[in-house]
Amino acid sequence: MSSIKIECVLPENCRCGESPVWEEASDSLLFVDIPAKKLCRWDSLTKQVQRVTMDAPVSSVALRQSGGYVATIGTKFCALNWEEQSAVVLATVDNDKKNNRFNDGKVDPAGRYFAGTMAEETAPAVLERHQGSLYSLFPDHHVKKYFDQVDISNGLDWSLDHKIFYYIDSLSYSVDAFDYDLQTGQISNRRSVYKLEKEEQIPDGMCIDAEGKLWVACYNGGRVIRLDPVTGKRLQTVKLPVDKTTSCCFGGKNYSEMYVTCARDGMDPEGLLRQPEAGGIFKITGLGVKGIAPYSYAG
């Protein structure tokens, strides 16, 4: 077993860092700071970080096949021109719910951008429940709604054979699976594949590795856990020096490194003294497993 190394590669002080995505073409990590309305790009070679501030909370970002990026900003799916620091609205959801915003999002293997909504929090993980929905933005910019009654729409990914969609609604304390139709984007037959244990706290962002196992960041649990979605067993726990771990992705050379985002919001001064790296970007090496490249939006 190789020895696992955890380091804070960027002391960013994110209020709520989220949605890490590796951009292979630029050796960069994209991520967002939701309440700060910031989209960030960290160059792993120069160690420089560029930040763009939007006019509403930015909750997820993804690569786009035609260049640039797509992001969920407020309740809008947007296309981003990084150089011009501008966003073009592609679609808007939840028009009837003024207190809602998007949360986590990710592109599926067919190039659709899946993302879900939630009510704005009054404090971390404190919010009006059942207000969210799960959507996807198709390449032709039409939006499909899958279901509503969501608390905090969160981590999502697809099995390596593209037949299963994995999804987290945080306050269900469960990682769920659906049958998934790659051609149509339909999902069906929801079931739970893992229920979190008490010390694991709240399931947040998620990614899949090259062996088809799931990695889940546990908010307030200070860890990422590796799950086998077939057996429902936890295979590994990696603890970080911060409690509010929010999301994870693979990146770096051959996708052999894991990047983890975290949050500072909701921590008291004593907690921040104890965890000075809270809000930073962490890199985990030596996991002995690789990830897969992120999919790009096809529209």
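For all residues, glycine too, the Cβ spot is worked out from N, Cα and C.
Pulled from Swiss-Prot:
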type	residues	note
BINDING	Glu18, Asn154, Asp204	divalent metal cation binding site
BINDING	Arg101, Asn103, Glu121	substrate binding site
MOD_RES	Lys144	N6-succinyllysine
ACT_SITE	Asp204	active site, proton donor/acceptor
MOD_RES	Lys244	N6-succinyllysine
MOD_RES	Lys253	N6-succinyllysine
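Within 8 Å of the Cβ centroid of the substrate site, not counting the listed residues Arg101, Asn103, Glu121, the chain contributes Ile34, Pro57, Ser59, Asn100, Phe102, Thr117, Met118, Ala119, Glu120, Leu127, Ile152. Close to the recorded divalent metal cation site, the chain also has Ser19, Asn103, Asp104, Ile152, Gly155, Ile168, Ser170, Gly205, Ala217, Tyr219, Thr246, Ser247: residues not among Glu18, Asn154, Asp204 whose Cβ is within 8 Å of the site's Cβ mean position. Between the farthest pair of Cα atoms in the substrate binding residues (Arg101, Asn103, Glu121), the distance is 11 Å. Closest to Asp204 (divalent metal cation binding site) by Cα-Cα distance, out of the recorded positions Arg101, Asn103, Lys144, Lys253, is Asn103.
DSSP assigns Lys253 (N6-succinyllysine) to a helical segment in the three-state reduction.
Straight-line distance linking the Cα atoms of Asn103 (substrate binding site) and Asn154 (divalent metal cation binding site), rounded to a whole number, equals 6 Å.
Look at the binding-site residues Glu18, Glu121, Asp204 and count other Cβ atoms within 10 Å of each Cβ; Glu121 has the fewest. Taking a C-beta cut-off of under 8 angstroms and a sequence separation of 6 or more, Lys244 (N6-succinyllysine) has the following same-chain neighbours: Pro124, Tyr219, Asn220, Gly222, Cys262, Ala263, Arg264, Asp265, Gly266, Met267, Ala278. The Cβ of Asn154 (divalent metal cation binding site) has 29 other Cβ atoms within 10 Å, all protein chains considered.
Sequence-distant neighbours of Arg101 (substrate binding site): residues of the same chain at least 6 apart with a C-beta under 8 Å from its C-beta are Ala56, Pro57, Ser59, Gly74, Thr75, Thr117, Met118, Glu120.
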